[in-house]
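Features as listed in TrEMBL:
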ACT_SITE  Glu201  active site, proton donor
BINDING   His18, His20, His198, Asp279  Zn(2+) binding site
BINDING   Asp280  substrate binding site
DOMAIN    13-333  domain 'Adenosine deaminase'
SITE      His222  site 'Important for catalytic activity'
Amino acid sequence: MSEISHSWLNELPKIELHVHLEGTLEPELMFELAKRNSIPLNFSGVNEVKEAYQFSNLQDFLDIYYQGAQVLLHEQDFYDLTWAYLLKCKEQNVLHVEPFFDPQTHTDRGVPFKVVINGISDALADAEERLGISSKLIMCFLRHLDETSAIETLKNSAEYTDYIYGVGLDSSEKGNPPEKFSNVFSAAKDMGYKLVAHAGEEGPASYIWRSLDILNIERIDHGIRAIDDPELMLRLINNQIPLTVCPLSNVKLKVFEEMASHTILEMLEQGVCVTVNSDDPSYFGGYMTENFVSLYDNLGLSKDQALRLVKNSIDASFAPKKRKKGLYSILDEFAAE
Ligand code: HPA
Ligand code: ZN
């Protein structure tokens, strides 16, 4: 008999380092908010929305994802979105999260930055107090927009540095290389933000090099294309630069044909600091537990590998030292049961 099971993977203490809050919008909440805010949707019901979630690449997904986000207008909407995700975390024993949000998706529609950040940060504060879930929030720039817009967004964030811990880069990767954002990342660093960026999801390994060398990022989101470049693999291993990998997302967006061909465990065994994350769980078929379960069902994830993946997430997180120590103890105690 296998030493682990689906329920063990649900109970496993977990850390999430790559999740877009807008990507946690479940169709049910999308309809509720559309009604509350009198926003027409292109879908007749929840089932039709779910059926539309078939994507052939990243752009296909992004087109639907930005549509969905239009139902978010008021502080309460952003609170409800974030809180629903955090309740899911509680259910799945996710103890620390570092979620992304995309302010430009909202400010471009006339929703003030303040409305977005207040709703999200109130929910994160309540989660810490009521659910025991700690967090560090990361603001992403949309890479399909120009750098001027990103700089404007960075300036908007200056009032909220108590609530925002880092900046990232997301949206359409191909044709929008890291160096397009060199000035804004340099300015963000000067403001004291931690730096991460999506790289090597659909784009080539060279985008990972350039994110490290030009943007000075500390952690790579996705990064799975690194496996094409042995020299880059050595750098990632030697410097223990973390990758926030999103298995179900990669299969949904056809980065891998099927889960059985995913390379995350191969990278883990080679010594890369890979971690498991959900990306846009409501669109990709699952939250943290479902991602671990899929690795177990399709790649034979072992107990030792599952524990190492979570340890990597603790190491890779921006949690303060004391919290990291606490998370290690919880994990060690769980592993010994
Ligand atoms: N890649 C790039 N941008 C995104 C993603 C992703 O997987 N999810 C939400 N925005
Ligand atoms: Zn992502």
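A Cβ is built for glycine as well, from the same backbone N, Cα and C atoms used for every other residue.
Distribution of TrEMBL features across the structure.
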| residue | record | Cβ within 10 Å |
| --- | --- | --- |
| His18 | Zn(2+) binding site | 29 |
| His20 | Zn(2+) binding site | 27 |
| His198 | Zn(2+) binding site | 28 |
| Glu201 | active site, proton donor | 24 |
| His222 | site 'Important for catalytic activity' | 28 |
| Asp279 | Zn(2+) binding site | 30 |
| Asp280 | substrate binding site | 26 |
Task = Would you mind reading off the Cα separation of His198 (Zn(2+) binding site) from His222 (site 'Important for catalytic activity'), to the nearest angstrom?
result = 6
Key: Pairwise CA distance, His20 (Zn(2+) binding site) versus the residue listed as 'substrate binding site', rounded so that it is a whole Å   = 6
Task = Measure from each Cβ of the recorded positions His18, His222, Asp280 to the atoms of ligand 1 and list the residues where some distance is under 6 Å.
result = Asp280
Note = Whole-number mean pLDDT, the domain 'Adenosine deaminase' (13-333), equals 98
Ask   = Can you list, in sequence order, the residues of the same chain other than His18, His20, His198, Asp279 whose CB lies within 8 Å of the CB centroid of the Zn(2+) site?
value = Val19, Gly23, Phe100, Asp170, Asp221, His222, Thr244, Cys246, Ser249, Asn277, Asp280
Query = Under 6 Å from ligand 2 by Cβ, which recorded positions from Glu201, His222, Asp279, Asp280?
reply = Asp279
Request  = Sort His20 (Zn(2+) binding site) into helix, strand or coil using the DSSP assignment.
outcome  = strand
